[in-house]
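Trainee: Provided herewith is a single structure, encoded as structure tokens, for subsequent inquiry.
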Amino acid sequence: MVSRVIPVEPFDLVIFGGTGDLARRKILPGLFRRFRAGQMTPDSRIIGAARAPLDADAYREMIRQGIEEFGGPESKDSESLAAFLDRLDYVSVDATVEEGWPRLAALMRDGVVRAFYFSVAPSLFGPLAEKLHEHAIADVDSRIVVEKPFGRDLESARALNRTLAEYFREEQIYRIDHYLGKETVQNLMAVRFGNLLFEPLWNNHYVDHIQITVAETVGVEGRGGYYDKSGAMRDMVQNHLMQLLCLIAMEPPSRFEAGAVRDEKLKVIRALQPVPVHHIVRGQYDAGDGHPSYREEAGNPRSFTESFIAIRAEIANWRWAGVPFYLRTGKKLKARHSEIAVVFKDLPHTIFEGDHARHRNILSIRLQPNEGIDLTVTIKEPGPGGMRLIDVPLDMTFSEALGQEGQDVPDAYERLIMDVIRGNQTLFMRGDEVEAAWAWTDPLIAGWEARNDVPKLYDPGSTGPDDALMLLHREGRRWREIKA
Ligand code: NAD
């Protein structure tokens, strides 16, 4: 089965921070793949905008190298790469000075979608918005895309929302969380809301608990300075893990449409209970096996910042009362592994003699590696010898059935950028959602700061501190394995 690619409207996409790491590694290689797939019309353009005094040719060369390094096998197609690079232009601008802006204004065309990707430090969001307005570069239908982090607490997120609102309507602002652009995350919604089978079981009568794990093997590396002021809670939980939790826990929206979906997500965040101290475990990786410790990497020998966090959260509504949501994320862990697992309750009674094993249905949504969804079901072990039961995973991504094996599924960034051009905000965070998420995390952070909480050390390559295991063990549960 061949997937249908519908070209988007012609656009002028300006990437502020167009020479930066994110632009070279993710945004432009992603756009190149959409170009190759035929989704970008030939009259669409991408304009890099950053401080470096480059001309368009030098910029194209920089991006060619970026795509060759990060763009995957498609980048070997030098003909289409050259055609893509032809769509690129470059303007040298500084968000804080006047120079360059009139040239950018002169480049913008009428009658095409105008989108502006703010791939720069958040402190520049306000000055950029102001410049776009001052020089009449953005029109009433233009879209802006803003990267994380969106604030570092409720107060700063509110200030950022207020600043952007001075120049743009909410319908023009696309706050990106690339987890929402992942194929499997969207498939989760298709599985939940496109089948009769799951929704009747999707509640505290049938679900024992839910686990959300985002495990990384990398440490903070070159980002130590930034990360040390942030930590796992701000860097991962407040945005990515909470977004995943929303999609799992939300009520069925009336339509798959931005307003309806985001209203339901907001209700989940607002229903999250405050978390008691003993339901939070913070960790920090130690040195080991030739690896430096977090403190060494962050360059802060007295750092109390967490590189790991596990939280037992609860949602106070009729659907989820009493169902724990265990969230955990950390760096320098055993494997790179992200998964949401919906663990269903035990059977009320077993009819099979001699079967003492605990058979549970588990719906597992894997984000990385090997994106996919499977459902653990219990069946009879094939062959003679009586009724022996085994648990097997039922692959629900059906890549073979759909003939998609090896097919190029758009990655999160490319899909989301195309949604910006299409004007579809469903997979982006609304301002009130981001503020509500900070309103839940702020008191937890304030609590451990007031207690001078020292994170528990854990070995690099482990599953995090032992206390995180205890969070589940003391309730008779266990974490799912972190495996590559
Ligand atoms: P970077 O430091 O590699 O690049 C910064 C870019 O901003 C450069 O192009 C630079 O020229 C431009 N810039 C700096 N000051 C400017 C000014 N005054 N006026 C105009 N342009 C200016 O940063 P990055 O890693 O590409 O990250 C960009 C943004 O994306 C940040 O907000 C970051 O938090 C976020 N982000 C990055 C990643 C990543 O993997 N790199 C992931 C998620 C979010």
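Just so it is clear, glycine is given a Cβ too, placed from its N, Cα and C backbone atoms.
TrEMBL does not curate its annotations; it predicts them automatically.
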Trainee: His178, Lys182, Glu216, Lys331 show up in TrEMBL as binding substrate; which entry in Asp208, Asp235, Asp346 does that record put in the same site?
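Mentor: Record source TrEMBL; matching candidate: Asp235.
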Trainee: Fewest other CB within 10 angstroms, which one of the recorded positions Arg51, Lys182, His240, Lys331?
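Mentor: Result for the recorded positions Arg51, Lys182, His240, Lys331: minimum number of other Cβ atoms within 10 Å at Arg51.
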Trainee: Of the binding-site residues listed here (Gly17, Thr19, Asp21, Arg51), which is spatially closest to Asp235 (substrate binding site) when Cα positions are compared?
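Mentor: Answer for the nearest of the binding-site residues: Asp21.
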Trainee: When you tally the Cβ atoms that lie within 10 Å of each candidate's Cβ, which of the binding-site residues (Asp21, Glu216, Asp235) has the highest tally?
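Mentor: Answer returned by the neighbour count: Asp235.
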Trainee: Given His240 (active site, proton acceptor) and His178 (substrate binding site), what distance in Å do their CA atoms have, once rounded to a whole number?
Mentor: 8
Trainee: How many angstrom lie between the most widely spaced Cα atoms of the NADP(+) binders Gly17, Gly18, Thr19, Gly20, Asp21, Leu22, Ala23, Arg24, Arg51, Lys148?
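Mentor: Max Cα-Cα spread across the NADP(+) binders: 20 Å.
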Trainee: How big is the gap, in Å, between the Cα of Asp21 (NADP(+) binding site) and that of Lys331 (substrate binding site), rounded to a whole number?
Mentor: 20
